[in-house]
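Chemist: Straight out of TrEMBL:
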{"type": "BINDING", "residues": "52-59, 116-120, 170-173", "note": "GTP binding site"}
{"type": "DOMAIN", "residues": "43-223", "note": "domain 'Tr-type G'"}
Amino acid sequence: MSFTFKFLLKSASPRLPFLRSQLKRNFSTTHSKWINIEDFPTERIRNFSVVAHIDHGKSTLSDRLLELTGTIKPGQNQQVLDKLEVERERGITVKANSSSMVYNHNGHDYLLNLIDTPGHVDFSYEVSRSLGACDGALLLVDATQGIQAQTLSVFDLASQRNLKIIPVINKIDLPAAEPENVIEQVALQFDLDMDLALPISAKSGLNVESVLHAIVEQIPPPPASNIPLRQQPLKALLFDSYFDKFRGAVSLIKLESGMVQKGDVIVSHHSKSKYTVTEVGILNPDERTTTHLQHGQVGYLVCGMKESSEAHIGDTIYKQSMLVEALPGFQPVKPMVFAGVFPVDNKDFMRLEENVKRLTLNDPSVTVNRESSNALGQGCRVGFLGQLHLDVFRQRLEDEHDSEVIITAPTVPYKVIQNGKERIIRVPSEFPEPSELSNRKSSLFEPYVNAEIIVPDEYLGNVIELLSEHRGDQIAFNYLENSNPPRVHLKYHLPLAEIVTDFYSKLKSATSGYASFEYQQADYVASDLVKLNMVIHHRPVDALAMIVHRSKSMEVGKHWVKKLKDVIPKQQFEVAIQAAIGQKPIARETIKAMRMNVTEGLYGGHFDRKLKKLNQQKRGKAKLKMKAVGNIHLPQSAFYDLMKS
Ligand SMILES: Nc1nc2c(ncn2[C@@H]2O[C@H](COP(=O)(O)OP(=O)(O)OP(=O)(O)O)[C@@H](O)[C@H]2O)c(=O)[nH]1
């Protein structure tokens with residue numbers, strides 16, 4: 001390690017963990033040889049992705065492939081494509097990442113472009129768009145767990161795109177591994193050729209070389225063109241982007257035809273804006289500038305886009321001189337979980353807003369709008385794809401921007417139709433009160449999802465009970481073929497609001513962690529919804545309002561008044577905490593008044609003096625009650641504790 005580098009690493013302040021992890025990461029990966037794009041005609045390019053259920057070993061396999069091809073130095077469990085601090089701490093991938101590598105097969109060099117994708121359902125949009133840049137996919141299945149819910153959904157995504165799918169059975173080093181069984185299970189479920197399945201251990205490297213052979217031999221190269229390269233029109237799919245504070249938005253592109261180089265004037269099909277290309281290159285896994293990118297290639301492009309929104313995901317890029325038809329692109333993602341984000345100290349709002357916006361530069365699926373609350377002051381209403389996405393965002397805000405924040409209870413977007421007018425409500429305090437809904441021309445709807453659960457049948461009873469507690473309707477029930485112990489595949493239709501609370505942890509404890517769960521947004525369904533107000537000392541607190549199904553209002557109300565009682569400091573007067581629907585309280589807790597020990601220091605026979613002091617205290621309290629009719633002061637720290645608990 002060079003002196004300058006060591007110094008940088010040491011001196012990176014502990015308040016900047018993200019910078020530290022970036023410095024460490026770059027060091028471990030700057031090892032690869034020079035790559036000349038001209039050396040790789042289309043027939044020697046393979047674009048592929050690794051897809052799997054969460055934790056089945058995608059990042060570990062990606063490491064091994066990069067090591068075997070000499071792209072990175074060997075070293076255990078580097079997870080080089082998990083670049084974010086939060087990914088490394090939690091051991092999950094939240095952002096798809098790419099790396100090119102060169103592999104020599106039968107005397108020829110091949111350029112393999114690998115795209116590592118996240119496993120968790122909240123980030124499945126990353127999977128679908130990454131697959132848009134691929135011609136094949138490795139479907140990784142854990143040999144101890146077999147097919148799980150996300151295995152089914154990523155298989156569907158890959159087969160919808162007609163990708164060549166290579167089944168890879170991982171973790172065969174573990175004593176509990178049952179590779180033969182799992183290979184059979186995969187072949188039966190997906191109608192794939194069993195002989196093509198590759199049993200490996202990504203951790204130890206066992207048989208991983210066979211994966212490289214299969215990539216070259218089985219995944220097709222990008223479709224060839226009869227037109228000579230220099231005459232082909234440029235047609236590039238923009239499938240991802242990240243933000244660099246010096247160069248602006250950096251786009252990841254796949255070239256369907258033509259070539260692009262520094263100085264070219266390109267046009268965005270989406271906005272029709274023109275840009276001059278300032279840099280192109282490949283990720284290896286760090287950026288490596290190249291003279292150009294050409295047909296079949298996956299790489300990055302910089303062209304002075306100042307805002308991340310200019311790099312529109314799914315856009316088609318072409319040269320000003322030659323208009324092309326737009327590529328089909330992707331379905332836009334819609335955030336479905338919303339929460340208010342407020343600073344712990346009101347003075348910090350501007351800094352918080354800037355930090356939130358900076359984070360969204362690298363995560364275009366997040367939406368941000370200003371929100372103001374009587375209780376919490378100025379903040380932002382932020383939209384996420386799911387509960388884990390929200391948690392990851394909070395952690396990134398704290399890790400990368402050193403901000404402590406209050407995040408209000410998550411809510412889903414509800415639909416209210418009144419007098420023929422439709423509104424989507426994302427802030428609970430804006431939901432109509434019962435008095436405003438009394439006329440017959442109002443109807444309320446909530447978003448539902450289609451969920452799939454795979455669970456060993458010994459836990460089936462627990463899961464069915466849990467899903468019915470969460471208002472789920474069963475759609476299908478099947479035993480998975482060739483699964484030992486027997487496992488059931490359930491399909492349910494249930495409200496999204498029911499799974500953005502503590503559903504995952506309940507499912508985990510109901511099944512000792514053996515169930516897997518996956519969902520997709522479905523439709524809006526008419527629902528008996530109410531707005532639950534938290535009233536503290538006779539005043540509703542807007543930041544604590546929530547929208548719930550009427551059947552759950554009592555349970556939720558009791559839970560929250562109790563939580564509030566635990567965090568509100570005692571006052572000099574009695575404080576009532578109520579959960580109410582409109583004017584009607586449905587749950588209540590009381591915080592007793594603080595009682596000063598006025599007789600402290602009076603011992604033994606001072607009976608008269610003690611009585612006098614206690615009477616004085618009684619009179620004082622009566623006076624205080626008069627004053628206490630006003631609002632109580634609820635410190636921001638109480639909100640912080642409340643939302644964290
Ligand atoms: N024993 C054993 N453990 C493995 C193997 N492959 C991966 N693991 C372990 O399984 C865990 C999950 O591996 P990851 O590579 O992070 O899985 P992933 O699929 O990338 O996870 P997500 O990105 O969160 O979906 C880690 O603890 C790995 O060390 C293997 O072949 N054998």
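For all residues, glycine too, the Cβ spot is worked out from N, Cα and C.
Note that TrEMBL annotation is computational and uncurated.
These numbers come from a predicted model, not from an experiment.
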Chemist: Which binding-site residues of A52, D55, K58, T117, I172 contact ligand 1 in the sense of C-beta under 6 Å?
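Modeler: Among the binding-site residues listed, those whose Cβ sits under 6 Å from ligand 1 are A52, D55, K58.
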Chemist: Let me check the 10 A CB neighbour count of K58 (GTP binding site). How many other CB atoms are there?
Modeler: 27
Chemist: Comparing the binding-site residues A52, I172, which residue's C-beta has the most other C-beta atoms within 10 angstroms in this structure?
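Modeler: In terms of Cβ crowding, the pick is A52.
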Chemist: Indicate whether A52 (GTP binding site) is helix, strand or coil by DSSP.
Modeler: strand
Chemist: So if I draw a 10 Å sphere around the Cβ of T117 (GTP binding site), how many other Cβ atoms end up inside it?
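Modeler: Result for T117 (GTP binding site): 29 other Cβ atoms within 10 Å.
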